[in-house]
Amino acid sequence: MRLVIGISGASGVVLGYHMLKVLRFFPECETHLVISEGAKLTFGLETDLKIEDVEKLADFVYSNTNLAASISSGSFKTDGMIVIPCSMKTLSGIATGYAENLLIRAADVCLKENRKVVLVPREMPFGKLHIRNMKEASDLGCVIIPPLLTFYNNPQTIEEQINHIIGKILMQFGLEHEKFKAWEGTKDD
């Protein structure tokens, strides 16, 4: 399996970091990483992580300005892409096909090649334009998975919440995250 991981400048870049950490447990999964400049700034604001440490988790790393990278072409086969978190600017670019950088171009390529694209939009509250762009992206074939809190899995920590979100995303690619607690119904089922 070959996945493109895009980390854009929305709040919640730690979600992208955790996604890369979890994907390391799937040796069959080759990861291709693009980090936007906004995301690099957000890592500095929200975490103590160094960009180099995030990049080390990926098999391949690309500059967001390199529109000639392998992942910018449909002939480079992938199983899809995850944009985590997905800023509203990136969402807008994907929804309208305005591929001004590699992250958006890679998503555009996945869509034109009928490959799965999962967007994890991080904004609150969503404005009408955000919702319209999510609908447009969904109509194009994107799966929209906002990183919402869940409670049926009885989480006790932020890490458990993050693992649940990661698990929901990985399900889209047929991967099972061992720390994901699926709903098993009530005891009366």
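Cβ coordinates are placed from backbone N, Cα and C, and glycine is handled just like the others.
The candidate list Arg115, Arg122 contains one residue that Swiss-Prot assigns to the FMN site with Gly9, Ala10, Ser11, Ser36, Ser87, Met88, Lys89, Thr90, namely Arg122. The Cβ of Lys89 (FMN binding site) lies under 8 Å from the Cβ of Ser8, Gly9, Gly38, each of these being in the same chain and 6 or more residues away along the sequence. All chains included, 14 other C-beta atoms sit within 10 angstroms of the C-beta of Ser11 (FMN binding site).
The Cβ of Arg122 (FMN binding site) has Ala10, Ser11, Gly12, Leu15, Pro85, Cys86, Ser87, Pro146, Pro147 as same-chain neighbours under 8 Å, each 6 or more residues away in sequence.
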